[in-house]
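Feature annotations, reproduced from TrEMBL:
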- 1-10: compositional bias 'Basic residues' (COMPBIAS)
- 1-113: region 'Disordered' (REGION)
- 46-55: compositional bias 'Basic and acidic residues' (COMPBIAS)
- 56-65: compositional bias 'Acidic residues' (COMPBIAS)
- 81-158: domain 'Casein kinase substrate phosphoprotein PP28' (DOMAIN)
- 98-113: compositional bias 'Basic and acidic residues' (COMPBIAS)
- 147-163: compositional bias 'Basic and acidic residues' (COMPBIAS)
- 147-177: region 'Disordered' (REGION)
Amino acid sequence: GRKGGHKGRARQYTSPEEIDAQLQAEKQKAREEEEQEEGGEGATGDPKKEKKSLDSDESDEDDEDYQQKRKGVEGLIDIENPNRVIQTTKKVTQLDLDGPKELSRREREEIEKQKAKERYMKMHLAGKTEQAKADLARLAIIRKQREEAARKKEEERKAKDEAAMAGKRLQSLSLNK
């Protein structure tokens, strides 16, 4: 025999209504503790307290000011870390979508790389980079070589034409005799 694992057991799920009821109970308990800490100025028959517990609209406003209870030793120790950011939830109406977004390191590096590439291409087209100067020098050498080759071909063609014309003259002179 083996013992059965935990996977075959029936699971119990908490419904959202039960969760809401537990949260309301915790909030009510926290309010009572706060009132007791204030020195007990409010008596048990205080009409303001009864009104708050009955009115759900005002309890929603109190939810924003309510902080979660600290677990364990956290309540005893005050943390003075300047780098620690307390996370607060923001409503959709409070979000600033038009403001400038902070870019991640990778996004900043990508943008910088693109700008550097554009600057290099502008300098290259203007002929101010070393590579552009080398390319222009190579192009100048090639142009000179092509011009010389074209000049030589032209001279050879003229020489052939003159030779052909001279041969025709000789033939015409020999035929005339």
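The backbone N, Cα and C atoms fix where each Cβ goes, glycine too.
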Secondary structure tally of the compositional bias 'Basic and acidic residues' (147-163) (DSSP, helix then strand then coil): 17 helix, 0 strand, 0 coil
Helix, strand and coil counts within the compositional bias 'Basic and acidic residues' (98-113) (DSSP): 9 helix, 0 strand, 7 coil
